[in-house]
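S.K.: Sharing a structure, written as structure tokens. Questions coming.
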């Protein structure tokens, strides 16, 4: 059976390092602060928010929630974000997505201050991501994938990596981050002819497509490393990933579980990005 | 023997369409204008400049060259670019790269006005590229690759495409553009274990790595389409691409020649981007 590589040790390690950094910042009179913008009260936003607040509190990042009404207009919404852009005490802004359909995410992307944009909504941060410019803020979930691979000493340079899913939230940025580490990256998606074949040739498979247990044992090469970004609830009400874990686990060298894998690291990256943003804004 | 797909018909078609658009703009009293920024006088910059000026003149885009001394300081250089940012008569700015080593390209990337940045230096345009946001300005060479594939009716959706080379100028943006057309994209580079194997499984191979005749007949699947972005001079002083054309041509369905392939389209894309930038700046 492959090694089940959990998120918790990775998150704990990051939290430990952050706590030290935050102490130093506080010694200089700077207190990193996150502003969460939530429109309405979707259960999954609330669940993530709870985790984020707990994590921030634990490491010493201040956090406040700005709940906007489900009926907010685009103009009011944008004004609310601009106010946070200008608030010198706020270093990071996280806006829960998807937004209600009457709000335009595209305007938000160009309004949010790049230096406070801790989940990489702004094209400025997306561009820096593409360039491998470390002064940018990379999106939390794909960065969590990278931190897990690093923590468990998974070599990437020259390795074949197949990414399944090409969303702007997971697949595309993950592919770029992996490419920036000199992996040979293949990106598969709904139009791919033979995703199984592409996955089979990979040393590392990163899956984030939102299809419960899509990735079967036959898709994975013996001894591969599998990172499962999916969080789904199956027909029986059980939480599961995008990988058929129970069968795949016997074949791999390492695999992340769901829950307790990538999801357990994401809020630590969020806190880490707030601290990074805070340091950038203070020229530290 | 495969079909040799030349750049000229593609360039001519684009030029024809542009001429019509420019007539309309001139009717409104708007004359699209390109500013070329050249530091020093490197022979390859001069060669490209000559082609760009000819193409612009042909389609009716005004063009002016700003030659800066090889000894210009970073501050003077940045000031020069800022002046062009502010010049309402200039719609597109092209800065020849690489810059002399004492100049910092990174500062330039953040200084050049995104709406005039016709070769996608700015992270704003890179980010829009990544998102598939068509209001951005995509880099000329990879866009030329896409225009050639489109002109010759090469289907991309669901096809396996291997990109050889992962530079910010060719490989990375080409991979993103291909992915945005729903191709399954694999990106190979110097650290790739077996580029031949990755190329062999591709329906379309795009090569831009700067190694003369690197891609051999054995790397290419029977009936594939090959686009060669390379422009090299071999030991005998002959111009050649990154593909071993004479041997590969017999195996493929289509292949671009060097010279006369991608290179012949790039300046048309440049002119097209100036017109696009001009329209964006005039809210047209």
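Just so you know, glycine gets a Cβ as well, placed from its N, Cα and C.
The annotation NADP(+) binding site is assigned in TrEMBL to B:165, B:166, B:167, B:190, B:231. The domain 'Tetrahydrofolate dehydrogenase/cyclohydrolase catalytic' annotation in TrEMBL covers B:5-119. Residues or ranges marked as domain 'Tetrahydrofolate dehydrogenase/cyclohydrolase NAD(P)-binding' in TrEMBL: B:139-281.
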S.K.: For residue B:165 (NADP(+) binding site), what is the tally of other C-beta atoms lying within 10 angstroms of its C-beta?
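M.R.: A count of 25.
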S.K.: Near chain A, which of the binding-site residues B:165, B:166, B:167, B:231 can you find when the cut-off is a Cβ distance under 8 Å?
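M.R.: Out of B:165, B:166, B:167, B:231, B:166 lie under 8 Å of chain A.
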S.K.: Within 10 Å of each Cβ, count the other Cβ atoms and name the one among the binding-site residues B:166, B:190 with the highest count.
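M.R.: Selected residue: B:166.
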S.K.: Largest pairwise Cα distance, Å, within the listed NADP(+) binders B:165, B:166, B:167, B:190, B:231?
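M.R.: Spelled out: the longest distance between any two Cα atoms in B:165, B:166, B:167, B:190, B:231 is 18 Å.
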S.K.: Would you count the other C-beta atoms found within 10 angstroms of the C-beta of residue B:231 (NADP(+) binding site) for me?
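M.R.: Summing over all protein chains shown, residue B:231 (NADP(+) binding site) has 19 other Cβ atoms within 10 Å.
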S.K.: With an 8 Å cut-off on Cβ-Cβ distance and a minimum sequence separation of at least 6, pull the same-chain contacts of residue B:167 (NADP(+) binding site), or say none.
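M.R.: Expected: B:208, B:209.
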S.K.: Need one number: mean pLDDT over the domain 'Tetrahydrofolate dehydrogenase/cyclohydrolase catalytic' (B:5-119).
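M.R.: It averages 96.
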